[in-house]
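Heads up: the structure comes next, in C-alpha cells.
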Amino acid sequence: MEGGSVSDDTVTPMMAQYLEIKAQNPGAILFYRMGDFYEMFFDDAALAAEALDIALTKRGKHRGEDIAMCGVPIHAAEGYLLTLIRKGFRVAIAEQMEDPAEAKKRGSKSVVRREVVRLVTPGTLTEDTLLEARRHNYLCAFAEIRDEAALAWADISTGELSVTACPLPRLMPELARLAPRELLVADERELDWIEEVGCALTPLSRASFDSASAEKRLCALFGVGTLESFGNFTRAELSAMGALVDYLDLTQRGKLPLLRPPVRETVGGTVQIDAATRRNLEITQALAGGRDGSLLSAVDRTVTAPGARLLERRLSSPTRDLGLIHERLGAVRWLTEEPRLREEMRASLRRVPDMDRALSRLALDRAGPRDMAAIRAGLAQAQEIAQRMPAEAPALVTRALEALGGHEALVDLLDQALVAEPPLLARDGGFIAQGFDADLDETRRLRDEGRGVIASMQAGFIEVTGIQSLKIKHNNVLGYFIEVTSTHAEKMLSAPLSERFIHRQTTAGQVRFTTVELSELETRILNAGNRALDLEKMHFAALRTAILDLAGQIGRAARSLAELDLISAFADLAAIEDWTEPEIDDSRAFAIEAGRHPVVERALRRTGTPFVANHCDLSTGGTPAVWLITGPNMAGKSTFLRQNALIALLAQAGSFVPARRAHIGLVSQIFSRVGASDDLARGRSTFMVEMVETAAILNQADDRALVILDEIGRGTATWDGLSIAWATLEHLHDRNRCRALFATHYHEMTALAGKLKGVENATVAVKEWEGDVIFLHEVRRGAADRSYGVQVARLAGLPASVIERARTVLDALESGERESGGRRQTLIDDLPLFRAAPPPPAPAAPKTSPVEERLREIQPDDLSPREALKLLYDLRALLT
C-alpha cells in the first residue's frame, strides 16, 4: 500500500481511519464497510479488482495521486470472499460498530467507528457458502521443540481438535492424509519443503508456539486445571495446539470456536500411507483431479454431509485397531441383514442437516435463524431414529443411539419459537413464530395495521386532491412521502391544498410532499417495526444461549448420526454391490477370492462390460509371499495390483470388500509404486522419481506392510533396469519380508520363483487369434514368455510401416537371443535399428501418348471435311 501517515493534513478523517486499520492488518486485503458495500483502497483495490474481475475506480487523492478504489456489495460478499481465499489472499473485515446517527452525537465531523471483527483465511472458514459440505476444512500447526515434533489440526466448522507426534520425515505423509487448507509454522524455520505442502502456509512468531503459554491457553479454553484427563501431551504437542488456539483467537477476534477436547492420535494407530501411494491409488482424489474417479466417489453412499466427511476420514486413515475393525464390521453386517430397518434409518438421515457446522456458527455468533432450524430438524430426526431402532443392536450402534435422545425440551422450544421456514439473516426479522410472544404479536399487529392505514390515507388524499395518480411512497432518506407528477405540482402548491400539503422535494418529473398526520403515522409505524425487530433479536439471543448450553450433547448427537450414516452407507453398498465381509486377524495372511476393483468395475458397468474378478494369495505356508506378475501391457496388471491394495484399505476402514471371500492379516502400511511422472520443478526425471519412491518403500516397509510395485526399472537401460528390479525384489523378500505384488516385463526374473521360497509367479492371460491378441484379464499361476508389445502398439494405431518394421526387428532380436553372444553382437551391428521400413514407392504418373497429345491440339469447329479426313490418317499413323 502507498505510504501516508494519519497526521498528513491532506488525509480526510475517514481515510485516516482506513489507514490506521490497514496498518494494524498487514498482509491482508481490508474489506472496509461503508454502508451497503465493502470498499477497498490503494494496492488492495488493485489486487482485488484484478482477482475478482471488477471495476477499478478512484476516490479523491492522497499525496497528490489518485486513490484506487473498488467495492463489493454486502449481500454478495461471501462469493467474492471465496474467490479471494481460493486465490491465496487473506481478508480482514472491518465492520461499522455504530450507525451514522450515533457518530454525529460525538460531533459533526466524527467518523463512524469501525473495527476488524474477523480475519478470513483458508483454514478458518465457517460459512456454508465458503466450505465444501462433504469435506473437512483443516487448519494445521507444526511445532518442533528440541528433538520432539508434533502436528495439531482443527476444523473450526465442526469443532474437531487432534494432535499427534510427528517427526519431520512423517510430516509430508501426515499432510497428505489430512489435506489441510492452511498450515501454521514458526517463522524462522527453514521451509524448503513449502512447495510440496499444497496448502496456504502461514508463518507465526515463535511466541505463538511457546508450550508453557499454550498449556495455560488450553486449560482456560476447556475450563480445566490440567490437561492430563485428555492425555499426556509432549511439549511439542502442547506447542502445536497452542499455536492453533492463538491463531484462532487472532483471526476470530476473541470469539473462539466451540472446540472439543483434544484427541491424541498415537503413532501407528492408523495404516501408514505416503503421499505417492495416496496419489497412485486415487483414494480421495483422481489423478485427473477432483473426486470423480476416486475410491471415495465409488463407495460414497452417505446421505448427510457429516457422514460424508467421516467416510473420507476413515478412507484416509484406516485403523490398525483389530477390535475396532471387528466392531465396525459387525455393525455393517447387522444392517445388511436388516434391509427394512436400514432403509428406514437412511430415510430419516436424509432429513438431517449439518448440525456440526450450524453449532459452530452459533458459537462464533455468526449464525442465522436457519442454523437454529437445522439444530431443530437434526435433533427431531435423531429422536425418531432412536425410537425406531430395536433394543438388540451391535455395541457400536447402541452407543450411537444412546446419544440421540434427551433433547425433547430443546426441540419443543425451537418448534414453538421458530417459523417453519426461517429467513437466512436474523437482522431481517420474521423468524419468530406467531403465538410465541404475545408482546411481539401485538407489536407486529400495530406495525401491519399501520401499513394498512397508509393505504386508506392514500385513498383519502386522492379524494381530497382529485389527483388519481397520487401515491404514498417510502425511502430511507425521506421516510414516507406523498408523490405526484410535475403536471399536478401547481395545484398542490396553491391554496387551499398548500395549507395541508408541505413541499419536501422536487425531482425530474415528480414533486414530493408530506402532511402532519402522515409524519405522525410514520413515527408510530417505525416505532412498531423497530420494536418488533428488537424483540426478535432478543429471542434469537435467548435461543442461541439455550442451544449453546447443550452444545456438548448436541455435538455428540451429531457425531452419532454421522456414525450411523456411515454404517448404513457401508451396509447399503455391500448389499447393492454384492460385497463380502472380510476376515481380519493378526496373521500375515492375504487371500482374496474373486476380488474386483471398485472404481474400474463401476466404470465398466456404465458401458455394459463385465469386470473379470481375480484371486490373490500372498500367504505361502502362513508366511508372507511375493507374487511376481508378468504379462502384456493392457492386460490388467496395474488394475490387479491396485484392487488388492484398495481391498485391504477398505477392510481396515470398516467396510465390506469387493470379493467373494477375503482373509487379511492386519496391514500396517500400504506402499504403491505404480505409474510414472517426472518432477520438472525439482529437476527430477521420471526414473529419478521412481527410484526415490522405491527407496522410501525399501527403507520403511515392515513385515506387516502391503507393497505393490509396477515395472520397477523401466526408465533406464534394459540391463540396468533388470538389475535394479531383481535386487529390489530380493530386498523385499529377504529384508522387508512383507506381502507384495511385483509386476514386471523382465521375464528373466521369473527364475527367482525357483530360488526364493516366498516368490511365486503369476501371469495375466491372453489369447492369440489370427495374429491378434485378446486380453482375458485373468490372473493365473505361472509365467509369461512375452509381452505382446508390438500387438498393443498396433492396437494403439501406430502406422503399419512402423508395426511391420518392429516385427522384423523383434524377430531378429529374438533369434539373436537364441544364438551365441558373438553371433548376437554381429546381428545387432548389422541391424539398422533406427531405420523405418521404406514406404512403398508412389506409382509413376502415366506417360502421355502421341495420339492424346495430337487430339488435345485439335479444334473440331475449325476443320473442313477434307482436313478432318486427313487428320484421321495422321492419327492412325501415330498408332503404328
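Cβ coordinates come from backbone N, Cα and C, glycine included.
Listed in Swiss-Prot for this protein:
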BINDING   Gly631, Pro632, Asn633, Met634, Ala635, Gly636, Lys637, Ser638  ATP binding site
COMPBIAS  850-860  compositional bias 'Basic and acidic residues'
REGION    835-860  region 'Disordered'
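For the compositional bias 'Basic and acidic residues' (850-860), the DSSP-based tally of helix, strand and coil residues reads 9 helix, 0 strand, 2 coil. Other than Gly631, Pro632, Asn633, Met634, Ala635, Gly636, Lys637, Ser638, the residues of this chain whose Cβ falls within 8 Å of the Cβ centroid of the ATP site are, in sequence order, Val764, Phe775. Taking each of the binding-site residues Gly631, Pro632, Gly636 in turn and counting other Cβ atoms within 10 Å of its Cβ gives the largest count for Gly631. Here the binding-site residues are Met634, Ala635, and the one whose Cβ sees the fewest other Cβ atoms within 10 Å is Met634.
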